[in-house]
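What TrEMBL records for 1-288 is domain 'Major facilitator superfamily (MFS) profile'. Annotation source TrEMBL lists transmembrane segment at 16-34, 40-58, 101-119, 139-159, 171-192, 198-221, 233-256, 262-283.
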Amino acid sequence: MPVAERGFAQGITHSFARLGGAVTPPLVLAVVVAGGWRDAFILLGVASLAWTVLYLCVFTNSPEQNRRVTPEETAEIGYRAGDCERAKRAATPWRKLIRRMWLVTFVDFCYGWLLWVYLTWLPSYLKEARGFDLKQLALFTALPLLAGVIGDTLGGVVSDRLYKRTGRLRFARCAVLVVGMGGSLVFLLPMVSATNPLMAVLYLSASFFFLEITNPVLWTLPLDIGGRYAGTAGGMMNTGFGVAGMISPVVFGYLIETTGSYNVPFTISACLLGVGIVAAFFIDPARTVEADEERERLEGRPLDSMPAFLQASAAVRLERHHLRRPLRWWR
């Protein structure tokens with residue numbers, strides 16, 4: 001996929017995931033009120049089955065296998081079957097991937113921490129802390145997710161536009177990450193202290209909107225950095241998100257139980273988001289795994305075979321041309 005189109009492709013995909021999350025609560029509530037909770041489960045099961053059939057009939061593993069995609073479109077996408085075959089045969093460069101992806105994984109953990117809090121604790125928060133009834137929950141739970149639909153799409157589009165205009169990949173990715181996570185933090189703090197329930201929902205929606213701006217950019221980074229190992233790189237990054245999903249809802253609930261308030265766990269989540277913002281400044285998608293492999297080939301010796309302290313010194317020597325100017329995240 002062309003570098004300048006990856007943000008939109010990731011954004012539009014994840015925006016529909018948020019749209020599903022926004023539409024489902026009021027729909028399920030209406031079915032429960034009309035026919036009971038069993039009917040709601042039957043409806044969701046039928047919808048999932050229909051989607052499975054559609055997926056099997058429409059989706060393919062590559063553009064070349066899809067009869068709806070022309071050879072010209074395949075060339076524009078940039079898909080090369082040979083690259084995939086070579087990646088399958090080659091040994092996975094785990095050390096290179098870890099060296100380039102660990103910071104992205106950590107930022108995804110910080111993003112995922114707050115996202116999982118919203119996805120798992122939002123109904124309880126609106127009911128217990130803000131006093132909304134069941135019917136109101138269906139509406140006000142959907143509003144933040146609808147804001148996320150816009151945020152996902154906008155984040156990808158903005159990142160692509162920045163890259164097209166400046167040609168600076170690091171700036172195009174990191175600027176959106178920092179603004180998205182920073183905006184989410186800015187609106188999260190007044191949400192905690194808001195006394196008006198409706199204002200709290202508005203702050204929450206704005207926080208979720210900015211948080212989701214970062215999502216498509218995070219998912220472009222495995223493509224940017226991993227190259228033909230993008231699948232493995234994406235799995236590594238999503239490990240951070242998955243670990244956050246295992247921990248954050250439990251910790252959030254424990255803090256509510258021990259403190260008797262939602263303010264403390266939300267404040268801790270805000271602090272972690274702030275750490276993620278700082279970490280995002282140091283991500284550089286221009287330093288790729290394939291570039292590392294090419295430097296090794298030119299040098300005639302693999303970095304991965306050296307001790308860790310020698311790898312660091314070798315990396316400095318191999319990238320000495322970068323040291324002639326300040327290392328700025330916006331270059």
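Numbering starts at 1 and runs along the chain as displayed.
Glycine too: its Cβ is placed from the backbone N, Cα and C atoms.
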Based on Cβ pairs under 8 Å, which of the stretches 40-58, 101-119, 171-192, 233-256 lies most in contact with the transmembrane segment (16-34)?
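Selected stretch: 40-58, with the most Cβ pairs under 8 Å.
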Which listed range (40-58, 101-119, 198-221, 262-283) shows the maximal number of Cβ pairs under 8 Å with respect to the transmembrane segment (139-159)?
198-221
Under a Cβ pair cut-off of under 8 Å, which of the recorded stretches 40-58, 101-119, 262-283 contacts the transmembrane segment (198-221) most often?
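When the Cβ pairs under 8 Å are tallied, 101-119 comes out ahead.
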Grab the same-chain neighbours of the transmembrane segment (101-119) for me: Cβ-Cβ under 8 Å, and only residues 6 or more beyond its ends, written as numbers and ranges.
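Same-chain contacts beyond the ends: 21, 144, 177, 181, 184, 188, 204, 208, 211, 214-215, 218, 221-222, 225-226, 233, 236-245, 247-249, 252, 265-266, 269, 272-273, 275-276, 279-280, 282-283.
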